[in-house]
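Q: Supplied in structure tokens, the structure appears directly below.
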Amino acid sequence: MFIIAGLGNPGQEYENTRHNAGFMVVDELAKKHGILITKRKFKSLVGEGEILGVKVLLLKPQTYMNLSGTAVQEAVSFYKLPLSRLVVVYDDLDLPLGKIRLRLKGSAGGHRGMGSIISCLGSEEIPRLKIGIGRPAVGDVKDYVLQPFTGAEREILEPTLKLAAEAITVALTEGFNKAMTDFNRGG
């Protein structure tokens, strides 16, 4: 079993914001593989199912971004999974919009949701998929991540969400190294 944890903020006001790119990828996986994310468990909305024969728990923490680690830790502890069976999906300011990047480990890179997970799990050796949202040309980063994607950005984002879902599918079925080779291009 794998846990796929998409990071974001709960509530309708954050639904289409840049900071919720992780939720969007998990929703894309759910749609593509017929998994309903309706249960409340582990301080999260969850859905259990299979992706090409691999059992998964899709997890959307409802703790707000900066406390995501508490929800992810509960799920990992409950299933007694090694961290290699967790994939965290989140937005990345340092990647251009339209790019994705898979990593097996690393620092939080300033992302507070990932920082919370690293702190709660006590390790940086956590597989992750980062969704590029780019940096604002001007203005505050905090305001930028909490703003919705523009119409033009959504045109770039939609195929990126599908690409991210495909990358996770390859990681689960053919291995993370194969997925990194196939999907970590450009950016």
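From the backbone N, Cα and C atoms, a Cβ is placed for every residue, glycine too.
What Swiss-Prot records for HIS19 is active site, proton acceptor, and it gives sequence analysis as the kind of evidence. Under the heading tRNA binding site, Swiss-Prot lists TYR14, TYR64, ASN66. Summarising the annotation, Swiss-Prot assigns site 'Discriminates between blocked and unblocked aminoacyl-tRNA' to ASN9. The annotation site 'Stabilizes the basic form of H active site to accept a proton' is assigned in Swiss-Prot to ASP91 on the grounds of sequence analysis.
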Q: For TYR64 (tRNA binding site) and ASN9 (site 'Discriminates between blocked and unblocked aminoacyl-tRNA'), determine the Cα separation and express it in whole Å.
A: 5
Q: Just jot down the residues in the same chain as ASN66 (tRNA binding site), at least 6 apart in sequence, with C-beta under 8 A of its C-beta; none if empty.
A: ARG112, GLY113, SER116
Q: Cα-Cα separation of ASN9 (site 'Discriminates between blocked and unblocked aminoacyl-tRNA') and the residue listed as 'active site, proton acceptor', in Å?
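A: Here the two Cα atoms lie 7 Å apart.
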Q: How big is the gap, in Å, between the Cα of HIS19 (active site, proton acceptor) and that of ASP91 (site 'Stabilizes the basic form of H active site to accept a proton'), rounded to a whole number?
A: 6
Q: Compute all pairwise C-alpha distances among TYR14, TYR64, ASN66, the residues listed as binding tRNA, and give the largest one in whole angstrom.
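A: Taking every pair among TYR14, TYR64, ASN66, the longest Cα gap is 14 Å.
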Q: Tell me whether ASN66 (tRNA binding site) sits in a helix, a strand or coil according to DSSP.
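A: Reduced to three states, the DSSP call for ASN66 (tRNA binding site) is helix.
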Q: Setting TYR14, TYR64, ASN66 aside, what same-chain residues sit with their Cβ within 8 Å of the center of the Cβ atoms that define the tRNA site, listed in sequence order?
A: GLY8, ASN9, PRO10, HIS19, THR63, MET65, LEU67, GLY113
Q: Reported as an integer number of Å, what is the Cα distance between ASP91 (site 'Stabilizes the basic form of H active site to accept a proton') and TYR14 (tRNA binding site)?
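A: About 14 Å separates the two Cα atoms.
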Q: How many other Cβ atoms sit within 10 Å of the Cβ of ASN9 (site 'Discriminates between blocked and unblocked aminoacyl-tRNA')?
A: 21
